[in-house]
Structure formats: structure tokens, C-alpha cells
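What follows is a single structure, written as C-alpha cells, with notes after it.
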Amino acid sequence: MWFLILFLALSLGGIDAAPPVQSRIVGGFKCEKNSQPWHVAVYRYTQYLCGGVLLDPNWVLTAAHCYDDNYKVWLGKNNLFKDEPSAQHRFVSKAIPHPGFNMSLMRKHIRFLEYDYSNDLMLLRLSKPADITDTVKPITLPTEEPKLGSTCLASGWGSITPTKFQFTDDLYCVNLKLLPNEDCAKAHIEKVTDAMLCAGEMDGGKDTCKGDSGGPLICDGVLQGITSWGHTPCGEPDMPGVYTKLNKFTSWIKDTMAKNP
């Protein structure tokens with residue numbers, strides 16, 4: 001599981017270690033500069049942890065399995081290791097994972113039949129509002145179901161190979177097809193529910209993985225999913241990835257934001 005490998009990497013690595021084996025886009029391409037202004041880099045201390053999505057000046061949405069402590073975020077980044085004057089740094093004042101996510105699964109490093117990774121969402125409240133600019137912009141939540149067969153864009157930082165973990169400093173994008181959930185249910189022993197989306201290429205070669213977790217899945221121009229879990233090595237044939245289906249959670253997201261002004 002992607003996030004189990006992420007947890008092990010963080011457990012074994014030091015705070016100031018190089019970025020762990022976690023995030024990657026397989027079979028993708030370098031995103032056009034500033035084309036994903038809502039994409040957020042979530043850090044634990046100085047170590048890249050996960051992706052995220054800016055929903056409004058005060059709130060970032062990411063995956064619950066990215067839960068940790070001492071967060072900070074970078075907004076408007078294209079390259080994680082270059083000084084970019086347009087980028088913004090913020091600390092996180094509060095992390096609110098979805099109450100339905102089973103946190104105990106983060107500590108289990110083996111796969112079991114019918115494990116349920118539902119509700120893999122977490123809201124991060126920024127200590128200071130983001131400044132909305134050409135390079136830092138929020139993205140709205142979906143109002144309708146995504147259509148099967150849609151072309152979806154996922155993005156993230158990290159290795160661009162499925163097994164050698166050759167990291168890229170730049171934000172990478174990949175086009176994925178929205179597939180029937182039955183395809184993911186056949187591929188994985190874990191539970192696939194109607195609160196999840198299935199996306200990838202059945203022929204293999206294109207995928208998201210590990211610390212790409214928490215990043216956006218944008219289908220036909222609309223934010224529809226958050227990268228959650230899948231098979232390792234990533235990009236294998238008949239092994240599409242699984243994403244949290246956001247239109248099932250818009251009420252929880254909006255209510256949580258309203259209750260924590």
C-alpha cells in the first residue's frame with residue numbers, strides 16, 4: 001500500500017533526511033509552470049510528506065493517511081528545491097482527519113482482504129490565510145458525479161520510475177482514465193466502495209503513487225478526487241489507482257470549515 005510505505009519511510013528516516021521513497025507520477029510529463037496553482041506541498045518539519053489542494057485562503061484538503069504533526073505547507077511551488085519568489089509558506093494551526101477514517105490501518109504494514117481505507121480525507125487549517133495570486137489559487141469542490149471514461153489529470157512530486165525511485169524536483173502531471181469501480185475491486189484485495197474513484201490505464205504505464213497521496217484528481221476540468229491508495233509497484237497493468245470521491249464528502253468538508261473559522 002502506498003501510504004504504508006510512506007509511513008515506514010517517515011518512521012525510519014530522520015527529520016532532515018532526503019525526501020523518502022514516497023511520491024511519484026509514473027508515465028507522466030512535467031506540468032506546465034503554474035498550471036496547477038491549487039496544488040500544495042505538505043511538509044513534516046523540512047521533509048516533503050504529501051500533496052494537498054487549496055480550497056480557500058484558509059484551508060487545504062489532503063489525505064487522512066498523511067496525518068502527522070508539525071506540518072507546514074508550500075503554495076505555488078513548481079520545483080521543491082528552487083527559490084521561487086511567487087511561492088508562499090504557511091504553518092498549519094489545526095489538522096482535522098475525517099472521523100470515519102481508520103487510523104489504525106496506518107500502523108499495519110501488510111495487506112489484508114477487505115481492509116477498508118474509506119474516508120481518506122483531512123483538512124488543514126492554515127495559521128495565516130494564503131494570498132490569492134496568479135500562482136496560488138483555490139479550486140472549487142465538485143457539484144456533480146464524474147463521468148466514467150473522463151480524462152483525469154493527477155499531479156505530484158517525486159520519482160518518475162516505478163521501482164528505482166528516481167525523484168524529480170519538478171511537479172509532474174499524468175492523464176488517467178476514470179474507470180468503473182469494478183476494475184479496482186477486481187485488482188485489489190482491499191475494499192473498494194462507492195465513496196472511492198478508480199482511475200488509471202488498464203494497459204499500465206501511467207499511475208500515481210505514495211506521497212502523491214493527498215493531491216488532486218481533476219476530471220474534465222473539475223476537482224473530483226484525492227489520491228488515496230493503490231498497488232506497488234505503481235503503473236502495473238490491470239492495477240489502477242484508488243481515489244477518494246469528493247462529491248460524497250462535500251457536506252463534511254463545508255461543515256468542518258464552517259465550524260472552525
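Yeah, the Cβs are placed from backbone N, Cα and C, and that goes for glycine too.
Feature annotations, reproduced from Swiss-Prot:
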type: SIGNAL; residues: 1-18; note: signal peptide
type: DOMAIN; residues: 25-258; note: domain 'Peptidase S1'
type: DISULFID; residues: Cys31-Cys173; note: disulfide bond
type: DISULFID; residues: Cys50-Cys66; note: disulfide bond
type: CARBOHYD; residues: Asn102; note: N-linked glycosylation site
type: REGION; residues: 112-261; note: region 'Segment A'
type: DISULFID; residues: Cys152-Cys219; note: disulfide bond
type: DISULFID; residues: Cys184-Cys198; note: disulfide bond
type: DISULFID; residues: Cys209-Cys234; note: disulfide bond
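Each of the disulfide-bonded residues Cys173, Cys198, Cys219, Cys234 was scored by other CB atoms within 10 A of its CB, and the lowest score goes to Cys173. In this structure, the C-alpha atom of Cys31 (disulfide bond) lies 14 angstrom from that of Cys152 (disulfide bond). If you draw a 10 Å sphere around the CB of Cys50 (disulfide bond), it holds 32 other CB atoms from the protein chains shown. DSSP assigns Cys50 (disulfide bond) to a strand.
Comparing the Cα of Cys50 (disulfide bond) with the Cα of every entry in Asn102, Cys173, Cys184, Cys198, Cys219, these being the recorded positions, the smallest distance points to Cys173. Of all the disulfide-bonded residues in the list Cys66, Cys219, Cys234, the shortest Cα-Cα distance to Cys184 (disulfide bond) is found for Cys234. Cα separation, Cys198 (disulfide bond) to Cys152 (disulfide bond), rounded: 11 Å. Within the set of disulfide-bonded residues (Cys31, Cys152), the lowest number of other Cβ atoms found within 10 Å of a Cβ is recorded at Cys31. Considering only the disulfide-bonded residues Cys66, Cys184, Cys209, the Cβ with the fewest other Cβ atoms within 10 Å is that of Cys184. For the recorded site, Cys31 (disulfide bond), the DSSP three-state label reads coil. For Asn102 (N-linked glycosylation site), other Cβ atoms within 10 Å of its Cβ number 15. DSSP assignment over the region 'Segment A' (112-261) gives 23 helix, 52 strand, 75 coil.
If you take the Cα of Cys66 (disulfide bond) and the Cα of Cys209 (disulfide bond), they are about 13 angstrom apart, rounded to a whole number.
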